[in-house]
Amino acid sequence: MSSQICRSASKAAKSLLSSAKNARFFSEGRAIGAAAAVSASGKIPLYASNFARSSGSGVASKSWITGLLALPAAAYMIQDQEVLAAEMERTFIAIKPDGVQRGLISEIISRFERKGFKLVGIKVIVPSKDFAQKHYHDLKERPFFNGLCDFLSSGPVIAMVWEGDGVIRYGRKLIGATDPQKSEPGTIRGDLAVTVGRNIIHGSDGPETAKDEISLWFKPQELVSYTSNSEKWLYGDN
């Protein structure tokens, strides 16, 4: 939603600024727009109100109008720095040994790709029992902990890092419920798995978990930052 707002705001700002012929209007609006952008990030009080109070009533009215019209410019200025930065995120996804042995690698990857998410890290690894225990450390008090770790370390795992707008939250929706019997049709587990003990895939359940799991499974140099050709069609304002 915020991306759509910023794209609409940026279009309005470009149209407004390209048609502005009054130099004073342009400079005042630009200043107020810049201040509004900073105010939106909570750094300083809104400049427009101070500007209005320090001017005469006629000028004050004009300044408020100028500031109002400059708000799209403010949104345009902050969208790349804060809004998009907050939305573009990374998550850890692993295809478990059962998913690998059943030949579901391409099927699972294609579902993330078709959604528009970007693969920035991938490798095949057979994790040790100790490594599996680190991965499932938050479940160490559960009765099924040892069995879970034994299974994860029983064969090759496809470890991946995916990037995209809302990839953590939507990735979990795409995967489905932990129990495949409770997963909706159309989800990976709902379509491809049968039992909890063999639910073929793991996905980070939140930003902090994603950060921890990515750092556990990958070294920084194993992740690649790049711009795909599809991004302008997914996120662009064209």
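Yeah, the Cβs are placed from backbone N, Cα and C, and that goes for glycine too.
Quantities reported herein were computed from a predicted structural model and do not represent experimental measurements.
Taken from Swiss-Prot as is:
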- His202: active site, pros-phosphohistidine intermediate (ACT_SITE)
- Lys96, Phe144, Arg172, Thr178, Arg189, Asn199: ATP binding site (BINDING)
- 1-85: transit peptide (TRANSIT)
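Location within the structure of each feature annotated in Swiss-Prot.
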residue: Lys96; record: ATP binding site; Cβ neighbours (10 Å): 21
residue: Phe144; record: ATP binding site; Cβ neighbours (10 Å): 12
residue: Arg172; record: ATP binding site; Cβ neighbours (10 Å): 16
residue: Thr178; record: ATP binding site; Cβ neighbours (10 Å): 11
residue: Arg189; record: ATP binding site; Cβ neighbours (10 Å): 23
residue: Asn199; record: ATP binding site; Cβ neighbours (10 Å): 22
residue: His202; record: active site, pros-phosphohistidine intermediate; Cβ neighbours (10 Å): 20
Among the ATP-binding set Lys96, Phe144, Arg172, Thr178, Arg189, Asn199, as the record gives it, the longest Cα-Cα distance in Å
22
With DSSP assignments reduced to helix, strand and coil, which class does His202 (active site, pros-phosphohistidine intermediate) get?
strand
Given Thr178 (ATP binding site) and the residue listed as 'active site, pros-phosphohistidine intermediate', what distance in Å do their CA atoms have, once rounded to a whole number?
9
Which secondary structure state does DSSP assign to Lys96 (ATP binding site), in the simple three-class scheme?
coil
